[in-house]
Amino acid sequence: MGKQRVLSGVQPTGNLHLGNYLGAIRNWVEIQDQYDNFFCVVDLHAITVPHNPATLAADTYAIAALYLACGIDLKYSNIFVQSHVSAHSELAWFLNCITPLNWLQDMIQFKEKAVKQGENVGAGLLIYPVLMAADILLYQADKVPVGEDQKQHLELTRDIVNRFNHQFAKDKPVMKLPEPLIRKEGARVMSLTDGTRKMSKSDPSELSRINLLDPPDQIANKIKRCKTDPVKGLTFDDPERPECNNLLTLYMLLSGKKKEEVAAECQDMGWGQFKPLFTETAINALKPIQEKYQEITADKGYLESVLRDGREKAETVANQTLADVKAALGYSAPV
């Protein structure tokens, strides 16, 4: 029996930050030898909200380079660009046609983002979860690493699979039911300016996040200015001190220390002691990623070859799934 397959991806919108790394990519790296992995740069998702066409291609390559710099190993994993595999868009259309509108209108992320965009909200944002379902189902993924905020989208994917197989493939299901792969620690890294909100690329304040490619002086400045409280003695899990819990968690994850060690080390500290310690830890943790990124981006031909190989491998799997779906729907084969 072969390895189970994992599918995940990140949008090429803005810089990758500690939330992306600790909540997703580092987890991929740690488990990649256990699975057959398909890691995608989801650039089709990137245009569901206003984007900059002048930087989309460069941002896409930057994310792929960061995958490699963070430790994604091509011996175990396949890296490709979503828009380079046309089956994503085609399967998304077929799934859109069988997905009830009210399922999509109930998605929490759509409701939140639609409020921000008002009358300018696009249909792409509404059907975003169906495209995500297509991404997963094309590769017959067994496991999908998701944060708590994406669990609802994965549940929708499972509902779509069940609906499709029931209507069109009862005797021989053509798409697999994916399961979530959830990491509790680090799954939700919070903002440096508000410990109750998730660290996000879309936050207008650069001070809210530490980007993977931030130079040391920027990291130091962001930590120096991050939101804290006047209480001496730093503790985990106090609901009245969300920023304290977040900063201790970040320090724990970046230092590699156990929670008990950090709790004992920091229980009598003030912020004046902790912030320099956290700053040094963050800078040292990101230095090898930044050095590897510079090495990879210096050789564009290498990165292009990685994405070319990735596309070819992805197409082999995706096109077979797409052919099975089209046959189940009754489409004629190309002549």
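Cβ coordinates come from backbone N, Cα and C, glycine included.
Taking a C-beta cut-off of under 8 angstroms and a sequence separation of 6 or more, VAL189 (ATP binding site) has the following same-chain neighbours: LEU18, GLY19, LEU22, GLY23, LYS198, MET199, ASN246, THR249, LEU250. VAL189 (ATP binding site) falls outside any helix or strand according to DSSP and counts as coil. As annotated by Swiss-Prot, ATP binding site applies to GLN11, PRO12, THR13, GLY19, ASN20, GLY147, GLU148, ASP149, VAL189, LYS198, MET199, SER200, LYS201, SER202, with the evidence given as sequence analysis.
Within its own chain, the motif ''HIGH' region' (12-20) has Cβ neighbours under 8 Å at 41-43, 46, 49, 51, 56, 59-60, 62-63, 66, 188-189, 198-202, 209-214, 250, 254, 282, counting only residues six or more beyond its boundaries. Here Swiss-Prot flags 12-20 as motif ''HIGH' region'.
Reduced to three states, the DSSP call for ASP135 (L-tryptophan binding site) is helix. Residue density at ASP135 (L-tryptophan binding site): 27 other Cβ atoms are found within 10 A of its Cβ, drawing on all protein chains shown. Per Swiss-Prot, the feature L-tryptophan binding site maps to ASP135; the stated evidence is sequence analysis.
If you look up Swiss-Prot, you'll see 198-202 marked as motif ''KMSKS' region', on the strength of sequence analysis. Panel annotation: around the motif ''KMSKS' region' (198-202), residues 11, 13-20, 49, 149, 188-192, 208-209 of the same chain, lying at least six beyond its termini, place a Cβ under 8 Å from a Cβ of the stretch.
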Max pairwise CA distance, angstrom, over record-listed ATP binders GLN11, PRO12, THR13, GLY19, ASN20, GLY147, GLU148, ASP149, VAL189, LYS198, MET199, SER200, LYS201, SER202: 21
Distance from ASP135 (L-tryptophan binding site) back to GLU148 (ATP binding site), taken between C-alpha atoms, in Å: 19
DSSP helix/strand/coil residue counts for the motif ''HIGH' region' (12-20): 3 helix, 1 strand, 5 coil
Top Cα neighbour of ASP135 (L-tryptophan binding site) in the set of binding-site residues GLN11, THR13, ASN20, LYS201: GLN11
